[in-house]
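As written in TrEMBL, here are the features:
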| type | residues | note |
| --- | --- | --- |
| DNA_BIND | 16-55 | DNA-binding region |
| BINDING | Gly90, Ala91, Gly92, Asn93, Leu94, Gly95 | NAD(+) binding site |
Amino acid sequence: MQDKEISLAVIQRLPRYYRYLGELLENDVVRISSKELSERMKVTASQIRQDLNNFGGFGQQGYGYNVEYLYTEIGKILGLDKCYNVIIIGAGNLGQALANYTDFERRGFIIKGIFDVNPRLEGISIRGTEIHMIDELEEFVKNNTIHIAALTIPKLKAPAIAKELAKLGIKAIWNFAPIDLNLPKDVMVENVHLAESLMRLSYNLKALEESNTEE
Ligand code: NAI
């Protein structure tokens, strides 16, 4: 349905639209104007119109947006109408937290397996998903269609495992290890670094404190 390239900035805003529209749907809201949506989301109505016009203008003059339609269409654009199989490498604090989070499944991300090197974790299940030893990875990936691998292992271990995952044909890495991964171009890496997000908060807090002392 898209005949033009959508900018990365718009794509990055879509999950937030999706979340708001999901909440509206849960509250049985059938339609919403760009003005109302803008007040809720604290972005300008013109930004909303511009963003959503990228997808062929789901809105109608004087009617607003059909919430369910827009939610479904944005879901399709984000690929959420499909299911993706995920493995988690590293069953420590973070890996187990991801595996315990049920909302990913609701969005179509199915955790198929968890891998670790620690023999004490072997065979333990987290919400029904078994922890395997890392030497079973190759066979597991060959026997199951895996779309995404989450990396929740120590940073120095991450590059080698990422390389192996790429060799096994995995095309999407959700990287939580605080290290840049150099992988073939056809492998996409999405880095998630909570510490960087905290640093942005700290920068803004510092700026606020400085402006308060200047007053
Ligand atoms: P953790 O020490 O609790 O867990 C790491 C797990 O990885 C352990 O179970 C260990 O046995 C396993 N492991 C080590 N080498 C492995 C290998 N080659 N293959 C498979 N498993 C292996 O650590 P935690 O707190 O869960 O953190 C994991 C990673 O995530 C670290 O790199 C940490 O810096 C990072 N992290 C990133 C965050 C983010 O915002 N991106 C937030 C918190 C942690």
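Glycine is no exception: its Cβ is also placed from the backbone N, Cα and C atoms.
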Cβ neighbour count within 10 Å of Ala91 (NAD(+) binding site): 24
CB-centroid shell, 8 A cutoff, NAD(+) site Gly90, Ala91, Gly92, Asn93, Leu94, Gly95, site residues removed: Ile88, Gln96, Ala97, Leu98, Asp116, Thr152, Ile153
Site of maximum Cβ density within 10 Å, from binding-site residues Gly92, Gly95: Gly95
Helix, strand and coil residues within the DNA-binding region (16-55) as assigned by DSSP: 28 helix, 2 strand, 10 coil
Asn93 (NAD(+) binding site) CB neighbourhood, other CB atoms within 10 A: 9
Sequence-distant neighbours of Leu94 (NAD(+) binding site) in its chain (C-beta under 8 A, six or more apart): Thr152, Phe176
Secondary structure of Gly92 (NAD(+) binding site) (DSSP, helix/strand/coil): coil
